[in-house]
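The block underneath contains the structure these notes are about, expressed in structure tokens.
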Amino acid sequence: MFCYQCEQTDRTGARPGCASAKGNCGKDETTADLQDLLIHAVKGIAQYGAIARRMGEPDRDADRFVLYAMFTTLTNVNFHSARFVALLREAAQTRDRVKAACEAHARAAGTAVPALTGPAAWQPADDLAGLLKQARTVGVDAGLDTVGADIVGLRALVLYGLKGVCAYAHHAKVLGYEGDDVYEGIEAALAFLAGDPDDVNALLAQALDLGRLNLTVMELLDSANTGRFGAQQPSAVRVSPVAGKAILVSGHDLGDLHALLEQTAGTGIQVYTHGEMLPAHAYPTLKAFPHLAGNYGGAWQDQQSDFARFPGPILMTSNCIIEPLPQYRQRIFTTGPVGWPGVRHLEHHDSSMLIRAAQALPGFAATAPEETITVGFGRHAVLGVADKVIDAVKAGQIRHFFLIGGCDGAAPGRNYYTEFAEQAPDDTVVMTLGCNKYRFNRHAFGDIGGIPRLLDVGQCNDSYSAIRIATALADAFECGVNDLPLSLVISWFEQKAAAVLLTLLSLGIRNIRLGPSLPAFVTPGVLAVLVDQFGIRPIGDAGTDLAEALARKAA
């Protein structure tokens, strides 16, 4: 096992990365190795898929399988080794189907399919021991002794950004929104990696191409969320429980939540959101359900204590799942790409087991005093009052904007984001998104002339909204985004955040503060390039960084 894809990776050795029997995320070495082999297999699908697409014969089912398979390998998504064995068999079958279609098309045209090597020629071993032996040669650090740490790190940057792109595309797909350009871009990136690239400039170019592709994907997901559930509206969300039977929904998938709300209507069961599902309360179609009762708990890393206290069943719809504790192991369910050995998995939006569990469990005995927070400041809401915001800037009422967002986590150093937000002067506005918001979203920020000083833009993928807001302000002031009184202070944890970072870089956005620690796969050599070209810097002391941001002249 070798994995360094997330922020919490082991950094105690001479070389950063989890390389023991169990990673810091809880992933065992068998699962980790099978995930590496699955990525190898998916590259083979893409190699033939690219040929099929050029022939005008794209395989949409193969495209969808690639999204799902890649999503299962993200941090804290699927820990079920047996599931990966099955996915490896399915990957080989999918690749062979695409290959056969290419060969049939070529025969009909009187041509031939070029002989492919590498992942395209891989055949799965007959048993688990054989698969694990194969996996040892295709890990993320393959070729380290030949090409060096910088190239391996850049390959990882491309791969991890691609994982984030696939996850966002999967979220859009399950809501019925897909794009051939998205599938083509994902396929091209996988085929690129299948060739074991070793040119620094080509790898950096591919990383930025993925950033541009991710912007397209986030726009597609924005269209999916707003198309299905309406544009976000500023909304007060109850964060204290009400009496009655209860179900808790965590993850990111709004479609899963909607299906559950439909199936629990009239049952007397209250549905609560957790973690990144908090923004669901801002979507008109979802908040119209009276039994969407509120939000319970905090960010994903608090789930073991949150779930243990919750008096009902829990549904995990996407990342991030942590090893379930005995206190709730029998009442947590997974769906979609999520998996944990021994945990019941729901298919096809069938919530009947979940509902029966809720009816059998006690629920909340009493209604707690009402407490609320406000969400729903997506691009539609903010741009709807853009004139007011622009006037406040011109009048000197708003001095600076901060985007303090991204993934949260349990590592030391994340209190930086709390301190930064709470120390921001009263004439500044804080935009936030992702689960990092839980670091400060109960703080009383007040307002500036009726404009709330804290604007919760939404989930991590709502970085698209933040980008649209920033570009609209830049257009209004007839300047570039880097010329705005705007600072980006980003918290990263996993591969969706890597994709968002690549998007920001592809847009030429500079001087991003990134933390709490820099990605382990970003070697000193790669960091030097990112600092030189984009001004990326690690976070430092909150007060010092804040003062520097307020004093900084436009780039």
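Heads up, the Cβ atoms here are built off N, Cα and C, so glycines get one too.
Keep in mind that TrEMBL annotations are predicted by a computer and have not been checked by a curator.
Annotation comment: TrEMBL describes Cys3, Cys6, Cys18, Cys25 as [4Fe-4S] cluster binding site. Taken from TrEMBL, the feature hybrid [4Fe-2O-2S] cluster binding site covers His252, Glu276, Cys320, Cys407, Cys435, Cys460, Glu494, Lys496. Taken from TrEMBL, the feature cysteine persulfide covers Cys407.
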Secondary structure at Lys496 (hybrid [4Fe-2O-2S] cluster binding site), reduced by DSSP to three states: helix
Chain-internal residues near Cys407 (hybrid [4Fe-2O-2S] cluster binding site), provided their CB is under 8 angstroms and they sit 6+ positions away: Glu7, Gly434, Cys435, Asn436, Cys460, Ser491, Trp492, Phe493, Glu494, Lys496, Ala497
Packing count at Lys496 (hybrid [4Fe-2O-2S] cluster binding site) (other Cβ atoms within 10 Å of its Cβ): 33
Proximal residue to Cys18 ([4Fe-4S] cluster binding site) among binding-site residues His252, Glu276, Cys320 (C-alpha distance): Cys320
Pairwise CA distance, Cys3 ([4Fe-4S] cluster binding site) versus Glu276 (hybrid [4Fe-2O-2S] cluster binding site), rounded so that it is a whole Å: 25
Near-site residues: hybrid [4Fe-2O-2S] cluster, ref His252, Glu276, Cys320, Cys407, Cys435, Cys460, Glu494, Lys496, CB cutoff 8 A to centroid: Gly275, Trp300, Asn319, Gly434, Gln459, Phe493, Ala497
Remaining residues near the recorded [4Fe-4S] cluster site, that is with C-beta within 8 Å of the centroid of the site residues Cys3, Cys6, Cys18, Cys25: Tyr4, Gln5, Gln8, Thr9, Asp10, Gly17, Gly23, Asn24, Lys27, Ala32, Thr75
Same-chain residues at least 6 apart in sequence whose Cβ lies under 8 Å from His252 (hybrid [4Fe-2O-2S] cluster binding site): His171, Glu276, Met277, Thr317, Ser318, Asn319, Gln459, Cys460, Asn461
Cα separation, Cys320 (hybrid [4Fe-2O-2S] cluster binding site) to Cys25 ([4Fe-4S] cluster binding site) (Å, whole number): 10
